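Please read the structure below before turning to the comments.
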Amino acid sequence: RFIAKPCAINLGIQDSGPHRAQPNAILEKVFTSITKSPDGKRLEGLSKQLDWDVQKIQRWFRHRRNQDKPTTLTKFCESMWRFTFYLSIFFYGIRFLWTAPWFWDTRQCWYNYPFQPLTSRLYYYYILELAFYWSLMFSQFTDIKRKDFLIMFVHHLATIGLITFSYMNNMVRVGTLVLCLHDASDFLLEAAKLANYAKYQRLCDAFFMLFGVVFIVTRLGIYPFWILNTTLFESWELIGPYPSWWLFNGLLVTLQVLHIIWSYLIIRTASKALVRGKVSKDDRSDVESSSEEEDVTSNSTKGIFSTSSNGSNRLNGHVAGGQWTGE
């Protein structure tokens, strides 16, 4: 309200939403009481009742659905908040872990386990991350449902479960590595969205490409060969299997499956960008086009980053053509 909104206004972002549907009591009653997406039979009935053609009625419902979507200003403010959090928590984590022995040698995560001290800096790192992901979990239900709702729901559950479970079992050392690794790319995604809302398309595309590279390197490279290696093999070697070992690694492997899905979507979006010369429209865009012409216009002006106010996330929001979030 006091920082992001003034910044958006200075960048020329107006607090105006999509094109509003013309007032119509009959269609409004159908929209609010019966269905927001009428089928063919109902469309034909409404066409006869109003003496409108079916395409005009379909266009009205598209415009009416879009009215409930958040404005660009709202999305900019939400993205700026998430950008600030992700950037701050990432640098906090890097600064903290830089002097931690387990950052350079993952076997240190398991020496003297479970009798490892919990420092105040480590404690606050965990609490901040846990609070943020709980907020994403709750806001996902109040926000507009997206195509990746189920994927993001599983992601938030796995993340909250991992943070809570690792804290209860004092696996906080390896937990900090997982948290920092996931934060490495999230702020780049939010930066790309901010650039898109401000209509800096080249900067938007550059941030998105950088996000894609960092995401794939960290999630498909460092995460499986560094994090999963120590949780699956080094922990087995140093402390042996224990009952909670199976659940902990099961959650970590679940995250890796989601990483693979998101990486595929990011690569697909990047491929389209290389072919078309810019990042294409997000498959999950929350603003529907009312005609073929509007689709073309949307593709050429909005880019991929047409997201809901929550953005979920989350990857928490990780988003790329058809997948819109990071975590």
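Here, residue 1 is simply the first one shown, and the rest follow in order.
Glycine too: its Cβ is placed from the backbone N, Cα and C atoms.
On a predicted model such as this, the values are computed, not experimentally measured, just so you know.
Record features (TrEMBL):
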DOMAIN    27-71  domain 'Homeobox'
DNA_BIND  29-72  DNA-binding region
DOMAIN    74-275  domain 'TLC'
TRANSMEM  83-103  transmembrane segment
TRANSMEM  123-142  transmembrane segment
TRANSMEM  207-226  transmembrane segment
TRANSMEM  246-267  transmembrane segment
REGION    283-327  region 'Disordered'
COMPBIAS  301-315  compositional bias 'Polar residues'
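Distant neighbours of the transmembrane segment (207-226): 106, 177-178, 181-182, 184-185, 188-189, 191-192, 195, 255-256, 259-260, 262-263, 266-267, 269-270, 273, 279, 304-305, 318, 320; these residues of the same chain sit at least 6 beyond its ends, with a Cβ under 8 Å from one of its Cβ atoms. Per-class residue totals from DSSP over the domain 'Homeobox' (27-71), listed helix then strand then coil: 32 helix, 0 strand, 13 coil.
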